[in-house]
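Note sheet for the following structure.
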Amino acid sequence: MSLSIKIRSLVRPGALLSNFGLPNSAIQGAWSQSRHFSAVRMSPRKKFWLVALIGVTGGAAAGGTYTFYQMKQARIPIMNAGTGTVGTILLDKPDIAPSRRIVSKTDKYDLQLVLFQYQTCPFCCKVRAFLDYHGFSYDVIEVNPVMRQQMRWSTYKKVPILLAKVDGGYQQMNDSSVIISALTSYMHNPSEGLTAALKYYPSIEFKDDEGNVKSEVMNRHFLMFGESMPKGKTKESINEERKWRKWADEVLVHTLSPNVYRTKDEALQAFNWFSEVGDWEKHFSKWERLVVIYVGAMAMLMIGKRLKKRFKNLSDLFSQIFSPPFTLEIT
């Protein structure tokens, strides 16, 4: 019995606190105060706001930590693994039947070109116009804009892509402006070869303001003629040509989507026309064609609206397009 009483006295808070030399009056006051607070029950309303406060505080702390991490990552230099890349040389061209063949009697280069494209893509139209103007023969492979199964062989998933027969396989060229600049430089000095001309246009990798890795060919609008100037060209005419090429890439193409896809009906009308001129009924199955028309139309409608928000002076661009040059103010 005495042992039981002693143990109970030891486990009482007062007994435990007395071991630290606190006066009995202080111990009793603290003990009664703690019992009073433990008896107080929090109302549901107070519990709700307490939980809400804890949640907001925790979320803010987590968000701040993540933001700090992202900012720190954005400042870390990248290794530039892709710097200097000029395009892959494929041992064999993809085993895909061409949609059609363009044969020119004036083609003197025999590059056996293969163009992967969307028929109505403005960048693809630009490359086709260049090839036609300079008399190149080439095969056209129409790419499904949604499924893109014709592009499975490539790590680069945008169009246009142009393949050219070179020593050792097929040279892959990406980006419409790089394609035009490389071919123009090659035509000026064919003896160097197309791959040598393409080496003038290396890509570099960098991080944007959000820390995303981007790849860019910084000199894609420049023509590499070396020390000899092509016949009929001057330094001033080359600079003027470069200015208009940049205008087409950086201004003109941004005016198309907000004007072509202004409403849902206009977007569907445009994609039905794309199906007609691109012979989609011939190249794609019925369900693929319908998916491209309806999904593509809605996607381009959203892109057009987004571009309209990004650029301030996109009102009445139908009239502005025909009186260049004009600029777009980016917000």
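Cβ coordinates are placed from backbone N, Cα and C, and glycine is handled just like the others.
Feature annotation from TrEMBL assigns domain 'Glutaredoxin' to 114-162.
The transmembrane segment annotation in TrEMBL covers 48-69.
Across the domain 'Glutaredoxin' (114-162), the model assigns an average pLDDT of 92. Residues in the domain 'Glutaredoxin' (114-162) partition by DSSP class (helix H, G, I; strand E, B; coil) as 15 helix, 11 strand, 23 coil.
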